[in-house]
Amino acid sequence: MAITHSLPLSEWYKEDTSQWTLDYPPFFAWFEFLLSQIAVLVEPEMLQISASPYASSSTVMFQRSTVIATDLLYICSSFLISRRSKAPQLIFSLLCFNAGLFLVDSVHFQYNSLLFALLLLSLNLTIEGKIICGFASFIVLLHFKHLFLSYIFGVYLWPKRYDLAMFISYTSLGPFVCLGQGKLLLARLFPFKRGLTHAYWAPNFWALYNFVDYCLYAIGTHRGFIPRLVAWKPSRASFIKVVTACAFSAFLFGWHVHEKAVLTIIIPLSLLAIEDERYARIFLIASVLGHYSLFPLLFKPMEIFVKYSVLILSYAFSYSALKSSFRRSINKPFYFLSRFDLMCLAGVVPVEIFYVVTSVFPRFSPFPFLPLMATSVYCAIGLCYCFVLYCWAFFSDVFWPR
């Protein structure tokens, strides 16, 4: 907010006084600008550019209230897309009680709920056959956060709606390109110089193979996408499955992936969890490991109880709700989960104990990065396992539909 409020348009993507630079597309920058017009009435000091972050009770209150306001948009989008499900109340609950969104938005403080509200709206419009409106919503989303480019339905529709895509893109990027900020904006949005992985490794393929170079990244990404470009009878379920498959591939094989991007998998998986027990199983495992991988973002003592409680309650609710939904079709002690699945989830406990002990008592860790690496690697193994399960379920539906 400070950058968009204090500087002219020509300086937005140049400013680097603080480590928290503007690295979002223009529509999100304008969103921050609009917030700053209200923030200046609450506390003008929060809009001053400085190398260190500014915090006060009124600033925190204002920021929390704006997050809650965007949560309302997410709730509305969740309601719209869940209406067409065979279990609308369950899908709505799984979407609204997502532990990851609560942790990264309400506790860590971001606006991911706004972005996923646009995603769900776009998916819903596309499913309803309102292709132009759905695609327009998707392009707007891209200019809020380019991370969502990985969803293939937007890439597929781009050539067919080229004029609409270019109009929205010109509206977003045009002013900055005219002001000579095109290269700066591109460098901020696609920071290839920062390396293959983020400072805290996202729990993906590269956390396991961090020594592999860019060539394997390119091969991995394309190989991850290609199998999913299989055409078959379109339906609501198949559309969501392709979207989820692309999110999985992009997250596991993407360049410089942030840990919060795991939500791009979990949110669409929530829509599939009710389809059958295979996807419910994948959703439960991925949601626990994906949400747990966000824990290092919340390191303050007052946040410890919150993150543990939210993860446990979220899993308990999801498991019990899905268990009730599939009660008649599954006759196993643990319903969706195998013993290996349970061991995989239970492994989170010793990993967290190791993380806490080595963080509190650094002398027990020979390397300062070891606690974060342990979390990333363990969650990466689990999410790669989920990807294998997902591929098996996906191809089974393609070649041997139920």
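Easy rule for this one: first residue shown is 1, then count along the chain.
Cβ from N, Cα, C; glycine included.
Features reported for this protein in TrEMBL:
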type: TRANSMEM; residues: 110-127; note: transmembrane segment
type: TRANSMEM; residues: 134-158; note: transmembrane segment
type: TRANSMEM; residues: 164-186; note: transmembrane segment
type: TRANSMEM; residues: 198-219; note: transmembrane segment
type: TRANSMEM; residues: 239-258; note: transmembrane segment
type: TRANSMEM; residues: 279-299; note: transmembrane segment
type: TRANSMEM; residues: 305-322; note: transmembrane segment
type: TRANSMEM; residues: 334-357; note: transmembrane segment
type: TRANSMEM; residues: 369-395; note: transmembrane segment
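With a threshold of 8 Å between CB atoms, the same-chain residues lying at least 6 positions outside the transmembrane segment (110-127) that come near it are 28, 31, 66-67, 70-71, 73-74, 76-78, 80-81, 84, 95, 101, 104, 133-135, 137-138, 140-141, 144-145, 148, 151, 153-154, 236, 239-240, 243, 260, 263, 267-268, 271. Taking every recorded stretch in 164-186, 239-258, 305-322 and counting its Cβ pairs under 8 Å to the transmembrane segment (369-395), the highest total belongs to 239-258. Note: the stretches the transmembrane segment (279-299) and the transmembrane segment (334-357) are in contact (3+ CB pairs below 8 A, sequence gap of 6 or more).
Relative to the transmembrane segment (334-357), the listed stretch 305-322 leads the set 164-186, 239-258, 305-322 in CB pairs under 8 A.
Residues 9-10, 12-14, 25-27, 132, 135-136, 139-140, 143, 158 of the same chain, all 6+ positions outside the transmembrane segment (164-186), place their C-beta atoms under 8 angstroms from a C-beta of that stretch.
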